[in-house]
Each structure stands twice: as structure tokens, then as C-alpha cells.
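Undergrad: Structure provided below as C-alpha cells; questions to follow.
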Amino acid sequence: MLLSGTHVMEGSGKMLVTAVGVNSQTGIIFTLLGAGEDDDEDDEEKKEKEEKKKQKKNKKQDGSVENRKKAKAQDGAAMEMQPLNSDEGADAEEKKKASVPKKEKSVLQGKLTKLAVQIGKGGLLMSAVTVIILVVLFLVDTFWYQGLPWVKDCTPIYIQFFVKFFIIGVTVLVVAVPEGLPLAVTISLAYSVKKMMADNNLVRHLDACETMGNATAICSDKTGTLTMNRMTVVQVYIAEKHFKKIPPPENIPSSVLDMLVVGIAVNSAYTTNILPPEKEGGLPRQVGNKTECALLGFANDLKRDYRAVRAEIPEEKFYKVYTFNSVRKSMSTVLKMPDGSFRMFSKGASEILLKKCYKIVTAGGEAKVFRPRDRDDMVKKVIEPMASEGLRTICLAYRDFPISEGQPDWDNENDILSGLTCICVVGIEDPVRPEVPDAIKKCQQAGITVRMVTGDNINTARAIACKCGILQPGDDFLCLDGKEFNRRIRNERGEIEQERIDKIWPKLRVLARSSPTDKHTLVKGIIDSTIAEQRQVVAVTGDGTNDGPALKKADVGFAMGIAGTDVAKEASDIILTDDNFSSIVKAVMWGRNVYDSISKFLQFQLTVNVVAVIVAFTGACITQDSPLKAVQMLWVNLIMDTFASLALATEPPTEALLLRKPYGRNKPLISRTMMKNILGHAVYQLATIFTLLFVGEKLFDIDSGRNAPLNAPPSEHYTIVFNTFVLMQLFNEINARKIHGERNVFEGVFNNLIFCSIVLGTFIIQILIVQIGGKPFSCVALTLDQWLWCTFLGFGSLIWGQVISSIPTSRLKFLKTAGHGTQKDEIPEYELEELDDVDEIDHAERELRRGQILWFRGLNRIQTQVIVVTSACMLHTPHTLGIISHKPLNSVLSYSRKSSAEMKRPKSPRL
């Protein structure tokens, strides 16, 4: 019987499904827990149900001991349900959840949160200063220069002025705070995830998409990922002859051939089969384990029918099966013969299984002694030449257990899997996928190191690595097998040392004959290494159950969608639905595209932020009124937040993304080139706006809108200022598509229909707002000449962008970067001590924790002071204090204690 939530780790068998959905044990439990209850029940009914649940819970608690006794009597059948009925099980579950280490979810999120907090603080400061200056100027001008007295009847008018100043300040704050950042991140990730599905990447964890853009190393499997996973036997050593092609059956003794076909047929999963091609003239379909499919295809090539053997020897007649695992590197099946003896067929890695062979079948069909010297000759003359051609070598052997030796101890595998007789050694070819060499070349150009981690022979692995392009002739790189790898990384006591790993991994390119533990050790060693300037971001592929730890440890784990087990898929972040390495390269492109999309949005938004805040602040201080009204600023905010995030976050990736190195974990979001663009365009826009603001009425021969009365109607002057400002943002949105100094800002613009639609739609809405918006938008209709001038000034942003691109960034030494990730030295010591047992730090959460820590510290200090004051009062006025209710205060204090305990915040020492 299988327990719900468990996985089959090893073995084979048949499954009978007795119940699914709500009829399964898990479904029954969820039903009992009320997962299907309606939320719109009356309060009285809910209270009644709660009382009944409490009664049932008490009954269950009383009967928990009795249930345990029954469970023991029923061979543990009831133990599955027991933890759900006991408080101990719930407590254990809570402890288990609490003990799960926190993993850093997103480097990008941490950078964005820190940048948003910094911008928010600056915006809050500017808005506060704006309100203060407006209020002070109004008071000084009204009651000092004009010398007007405070008239009680004019108080409502004064309040209207103060409310107007406050609205201006709030408007500045709203425009300054980048609330569109989370939206841009969400849109970009969601859009990328949807598109990645079409590129055979099923993203399970959203942040893995962004993390993949920073990948610096990929540890890839060979079979099925770099190769086609269509195994075919192309060479064989049998009957003391090495055949470079599949020999005709006549060249093999019939007794050897019969034994070989029986061994292939029974010593493989019966779910593995060779089926006819779907289309006429196509290749036969391989179903199941690909290595076993190659052997079954080998039997068919020898003109023998393996299905007839399986029909004669069904699985029920198997006496014992030793399934394949990473430790054995072999599989064996024991059959009971008619005379009562036993025969075991084995297959496995040639160099491992040959060490257990003491005989070999000759050309005459007889077994002769197979000495170590003979084994060494076979390795040099047969196995190594096969492996050098990229072939996987498999040894097929058997062993007889006569009746005279008695019943063997089948649990003693070391004795059972020894004394074998070698039948043959086959060379299996798994062709490299045609697109893989080009994909690996792109990875190398993108600054990503590709390593092959495989269970194959080191010579086979090296040959495949050369075909893929992982190894190049003349490269000074390492190819190690698992045994040599462990010897180099462990000290005399057998302990793994990081210093030893650091000497190996930079040059390691191929790790052969590796176990899942070796893969996990390598991944952990690369991630924990400190010899590089930045921490390595490692992606790992895996398909087996034992690959789970490595997939979990990696920054991004890729599971095989076709050959992968459920355990591997659960441990992964992304599932490759086609098991193809080239799909990983597409994931890298999308990950880098997410980073670039966020940077594009930041470049655009910060330009608007700087200009809008300075215009509102300066205009308010000089004219005591903001040139951009509150509703207009909110429209601008909508353009630069919602619409811009949708337009710039949906840019499709290009091959150019793979021509640069990874950004790295500490790379700032806003580079010096982006800062040059932000400040450069801000200078142009501010110069244009201030020119229109202070001399625009003369240029257009219209009435001035400055110093207008409180409730004055909209003016053409300020409408032109607003319209020009919005059109400059629209054209600058096109400039923002390029963040690395590219000149052609229109390149690929028509590949993004969302961008084109948003820019065109925004322009149409702007026309409607200006022409028919009227008083709500503080606008009046403009003439065609005025519209042309506004459009020309907006188009000037594109021309000015070319001027900015011509200025070398290296000459502007004063430019600084922004949007760095949280550095380790910025984290307080008490937080580092608290996070000693945590694998990674969630920088986004840590940035928000500071305010919470200060809040809880303040509450604790208030609590301490209240205790001191209360104690002093009780010493002097105990009777008076007795009538005072401290319930609200105690509630607050208990809440603060509870919250701080739950969130594990450090408490200040009590007095």
C-alpha cells in the first residue's frame, strides 16, 4: 500500500487505483476540515458548527491513545490518519514548517525594493518641502507684505488655499513614489512565463525566470538533454570478436545468441518496448527506458523476437529483481530454472560489471576464465575505443546458482553480484542533438560556463563534450570521474573542504561516473565559493529521483518533462517539456529580457519623476501654484506607471541579449549609461517646460496663466505646458526602449504590438483630454498650430536622445549608479546572527523589516516605561489605581509581544 504524498523511490510493479479526488483519504480529510463549506452561512450556523467541531475535537483527543493502540493492532494501517487527530502531530508540523530555511526569492525584488524606498523617501521630502514653502509664502505674502489682518469671515478662503497646497504636495508625492515598479515586475514576469511556455519552459516558480538571466554556470546532464535520447547499439564485442557493426545472427553461436536474447528480454522493464513507427518509413518508436530500448532493438536486429521470450517468462515468474540505482550502476533479474537451480542475468556499466566477471563466453559458446589481465586488455582494446567515439558501453552477463550450493542469501548483494560470466559488451550511440553545439556556443558567448555531469564513462563523456563544444582542442580544462573528484575534494578524514573544491571547479568541465551526491556537492561548492568577484548563479538539470537535492540547492533547477520523475519535477523551478538544452538558452534570454525590461521602465519612469517633481516644486514656489494640476499629474502618473509598465515590460527578447556577460547579483539596476539618459532627457524637458512656463505666453501670443486667481478658469498657456510635457513623455518612451547606448531606438518596435498600441492609444486619449476635457482636466482646446508646436517639441526628445548617445559615458565621471542589491556589510550584526542558519536572505523582506523592528522596539520601550510608572504609582496610590482598567494597554502590549515573537525580531533589553 502506498501512503498519500509519498513517492516510489526504487523498484517496479503494478498499481491499482482504488479512489481519487474527494473519495481518497486526502480528499476525505479536506472535506472534514471544511474545505468545501460555503462562505455565506449565517453567523448562528457558524457558531453551532464551531461548537460541534470543538466537541468532536475533544472526543478525538480523548480517543487518540486508543487510536494508537488500534493502529498498532492493524499493522500500522491507521497510523496514516493518526497525526491529523493529535495535537502532537500539528505541533510537529508547525515546527517542521518553522524550521524550513528561508531562501532568497529574487535578487531583482531586493534591488527594486531598496530603490523604491529611496525614491519614496526623496519624494516624501520634496512633497513636504513643497507644502511648507507654499504655506510660508502664502502667510508671508498675505499677512506680512500686504499687511492684511486675519478676518474671521475669510477663514474658509484661507482653508481652501491650504487644501490646495496640500493637494499639490500630495500630487508631488504620488508622482514621485514609483508605485508602478511592482506592476512592471509582475507584468514582465507573467508575460515572460507565458511566452516561455511556447519555448518549452514550464515555469513553476516565477522568480526563477528572472534568476536565470543572471546565471553564470549550467551543470547539465548528457543523456536526453545534450543528446537525442534515442539509443542504438552500433558496436558489440561478443564471442571473442569486436564487431564495428551489428553482426548477422549466423556469426554468433546459437547458444550464446539464445542466452543473450533471454537476458535482454527479461532483465529490463516490461513497460519498455519497441513499437512500430507512427508514419510509414519512420523510425520505430522507443517507449520506456532508452538504454533498454537500445538493447531490445539490438535483439530485433539479431532477428529474434523478445516479446516471445516475455510471453514465455512473465514478470510473475521472476524470483528476485535488483533494480538499477546510482549505487549499483547495474540491474539484475533472477529466474528459477525447471531443475530448481537459479540463473541471474545482469547488465550495467562495463567497467564496473567486468570487475565482477571471472569468466567470459568464447566463440564456441563455452565459458573460460576471465583474468584481470584479460579484463585490462578488453578495456584498452574494446571499451576505450568505443568510449572515445562517444559510445556508452554496457556489459551483459549472467550467473548460475546450482542446487548443490544450496539457497543463496539473496540479501547479500555483494556475494550475489559477483562471479559473473560476461556474455558481451555493447556500444550504444546517443547522437548529439543538432541544435546543441550552437546553443552551447551562445552560452559561452553570454559568459555562461557549461559543465557536463553524467553517469557515463569518462571517455564517452569527453567525446560527447567535444562534439557539443563544451571542450575545445587545446583547452586547459579538467575532465574527472566521480572517484577522482571525491579524492581531490576530501581531506584525510574524508570530509569535504571548500578550499579543495575551489581549486577544481573553475576548470572543471566534465564530471563522469558521478553519483547524485557528487552533483549536489559540485553545485553546493560552486554556489558557496568566494574566490570569484561575485557569487556564482548556478542552473542544474536533472531527471532522476536522486537529483532532487541538487535541483533544490541550485539557484534554478531544470527538470526533464519527458524523462523526469515526479520527485525531480517537484524539486525543480522550471520543467523542460522537450528535455532539450537549447530550451535552457531560451530561458536565459527571457531572464535577461526581464532584467532589461525593468531597467527600461525605470529609465522612463525616473525621467518623468525628476521632471514632474522639479516642475511642480519650482512652479509652486515661484508662482504659488503648480503648472501641472492634480488631475493632470494623475494622468501623467497613469501614463508612466500602468501604461509604460505594460508597454516596456512586454518587449520580446533578441539574440543580442546573449552577446553580453551576466549582470551579476550586485550589478546596479540603473547603470551610468542609464543615469546619463535620465539626466540628459530631464535637462531637455526641464528647459522646454520652464521656457514655456515663463515666456510661453509671448512665444504663442496668448494670455499668461501665471498668478491666476484661486478659482480661475483653465488657460491656453498652462494647457500648452501640460500637452508638451505629455508628448515629450510619449516620445521619450520610445527612447527608453534602449538602455545600453544604442542609436536605433526604433529597432524591432513593430515586433511589440502592445507597445505600439499603448503609445498610439495614449496619444489619442491625450487629444481627447485636451480638446474636450475642459475644466475637470484644467484644459482648453488648442489650435492646430499649437498642436504642431507641442508635437515638434515632443519629437525633439528623439533628436536630443541622439545627442546624448554621442556623449561617451566614460567622460562623465560624476555619474553614479543606483539600485544596488543589499550588501552584506549593510546588514546589522544582530540580523546576521539571526540568519546564521538561513541559506539565503530575502533582501526585499529585510528592507521592510527595519521599520517593523523600530516599531516593536518602541512598543517594548513604552511597555517598560509603563511598568515603571505603574509600579511607582502603586507604591503611592494603590486604591486609586485599582479602579483603572488596563485592558486596552495590556492588549496592545500582548499583541506587540506576540508579533515580535512570531516574526523573530530582536527585543531591546528590559530595564
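First residue shown is number 1, and so on along the chain.
The backbone N, Cα and C atoms fix where each Cβ goes, and this holds for glycine too.
Just so you know, TrEMBL annotations are computer predictions that nobody has curated.
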Undergrad: Can you identify, from 632-653, 786-807, the stretch that TrEMBL calls transmembrane segment?
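TA: Based on what TrEMBL states, transmembrane segment spans 786-807.
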Undergrad: Residue list, the transmembrane segment (601-622) vs rest of chain: Cβ under 8 Å, 6 or more residues beyond ends.
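TA: Contacts of the transmembrane segment (601-622) (Cβ under 8 Å, skipping residues fewer than 6 from its ends): 115, 119, 123, 126, 129-130, 133-134, 137, 165, 168, 171-172, 175-176, 178, 180-181, 184, 628, 633, 636, 639-641, 644-645, 648-649, 669-670, 674, 677-679, 681-682, 685-686, 689-690, 693, 725, 729, 732-733, 736, 739, 819.
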Undergrad: Going through 165-191, 678-695, 753-774, 786-807 one by one, which has the most CB pairs that fall under 8 Å from the transmembrane segment (124-145)?
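TA: By Cβ pairs under 8 Å, 165-191 leads among 165-191, 678-695, 753-774, 786-807.
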Undergrad: State the residues, same chain only, that lie 6 or more residues beyond the ends of the transmembrane segment (753-774) and have a CB under 8 A from a CB inside it; answer 'none' if no residue qualifies.
TA: 635, 639, 643-644, 646-648, 650-651, 714, 719, 722-723, 726-727, 730, 733-734, 737, 780-782
Undergrad: I'd like to know the mean pLDDT over the domain 'Cation-transporting P-type ATPase C-terminal' (626-804).
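TA: Looking only at the domain 'Cation-transporting P-type ATPase C-terminal' (626-804), pLDDT averages out to 88.
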